[in-house]
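Over in TrEMBL, the protein carries these features:
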ACT_SITE  90  active site, proton acceptor
DOMAIN    96-323  domain 'Radical SAM core'
BINDING   110, 114, 117  [4Fe-4S] cluster binding site
BINDING   160, 161, 192, 215, 216, 217, 291  S-adenosyl-L-methionine binding site
ACT_SITE  334  active site, S-methylcysteine intermediate
Ligand code: SAH
């Protein structure tokens, strides 16, 4: 059954009107879902019993069921959820000094096939609906409600390629961003893409204030072709051209993500090459410690080695940070908890 979370603020008013109700009913439903954060239609007590019965015939509230939860010593919490059709997805809640952030999954499996990533170990089965993404956020927020705490940030960096599920991702973000509901500020939302060029143009044209992060991981086409099959379709020249357009249309700083893989993309030469590629952009590089994936055979670098790469970039005038590791004691790499559960099911 369809979830009420699938509808953003405007759509839920249209939905109300489609039943012959006033748009205001839609506003009330939205408030129940996102301000009061009810778990059922029955709790929407200022709607008449008749209205609630009609809604219950066609809609549910949340399409998620918790399967497993792991809490790390640093507070990072990983959730494994089953969707209505039994498909498994993961979400991660991370603690930062600026607040709490949730990493949201956008697809069941992933078709991008990045050589180092666990998510691509199973092909994409389907896109998540926007309601299934909203539900990940709300599940975690409802847990935090118990201690009057809140999620302040969203990173769209879980399993899946958000720009391969563009409409639903944008719909999800418009719901969580809406100031009559959860009101997560645009600048606290980051979408990460492996570089689906046509969608970067679409995104640039939307003029949202969401942050854009690009998974780069290689400073030249030869290596990027090997690590990220998407580079065959959209090589670096095309990617950078799309990003030029994005920067021209949006006065926003870009993030480039770069996982340091030992002996693969971590040489000083490659750091110089990367600096050359990114010179002139209003951007910074986020150097990511690699979460080893058993099946993939890549190795991460030590902190010292990461610092050498970092220093080279900084000396070349490129701003960068080394991402802090979160929850490395709890199957932290993207998609690992799900893969483990799928294997458990096979045995
Ligand atoms: N498909 C999107 C978003 C999901 S992946 C994208 O490619 O950006 C989110 C980030 O995690 C990407 O930068 C991805 O390359 C990175 N990532 C994937 N596997 C990882 C691993 N094992 N360790 C560290 N980062 C990983």
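Here the Cβ of each residue, glycine as well, is placed from N, Cα and C on the backbone.
Please treat TrEMBL annotations as automatic predictions, because they have not gone through curation.
A map of TrEMBL features onto the structure.
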residue	record	Cβ neighbours (10 Å)
90	active site, proton acceptor	26
110	[4Fe-4S] cluster binding site	26
114	[4Fe-4S] cluster binding site	21
117	[4Fe-4S] cluster binding site	24
160	S-adenosyl-L-methionine binding site	29
161	S-adenosyl-L-methionine binding site	27
215	S-adenosyl-L-methionine binding site	24
216	S-adenosyl-L-methionine binding site	26
217	S-adenosyl-L-methionine binding site	25
291	S-adenosyl-L-methionine binding site	19
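Of 90, 160, 192, 215, all annotated as recorded positions, the residue with the shortest Cα distance to residue 110 ([4Fe-4S] cluster binding site) is 160. Summed and averaged per residue, pLDDT over the domain 'Radical SAM core' (96-323) gives 96. Taken in sequence order, the binding-site residues 161, 215, 216 that lie near ligand 1, meaning a CB under 6 Å from one of its atoms, are 161, 215. Mapped onto three states, the DSSP output places residue 217 (S-adenosyl-L-methionine binding site) in coil.
Overall, the recorded S-adenosyl-L-methionine-binding residues 160, 161, 192, 215, 216, 217, 291 cover a maximum inter-Cα distance of 19 Å. Within 10 Å of the C-beta of residue 192 (S-adenosyl-L-methionine binding site) there are 21 other C-beta atoms, taking all protein chains into account. Looking at residue 160 (S-adenosyl-L-methionine binding site) and the residue listed as 'active site, proton acceptor', their Cα atoms lie 11 Å from each other. Rounded to a whole number, the C-alpha distance linking residue 114 ([4Fe-4S] cluster binding site) with residue 291 (S-adenosyl-L-methionine binding site) is 14 angstrom.
Across the structure, residue 117 ([4Fe-4S] cluster binding site) and residue 215 (S-adenosyl-L-methionine binding site) place their CA atoms 12 angstrom apart. The two recorded residues residue 291 (S-adenosyl-L-methionine binding site) and residue 90 (active site, proton acceptor) have their Cα atoms spaced 16 Å from each other.
In three-state terms derived from DSSP, residue 160 (S-adenosyl-L-methionine binding site) belongs to neither a helical nor a strand segment and is classed as coil. Each residue contributes its Cα atom, and for residue 217 (S-adenosyl-L-methionine binding site) and residue 90 (active site, proton acceptor) those atoms are 23 Å apart.
A straight line from the CA of residue 192 (S-adenosyl-L-methionine binding site) to the CA of the residue listed as 'active site, proton acceptor' spans 16 Å.
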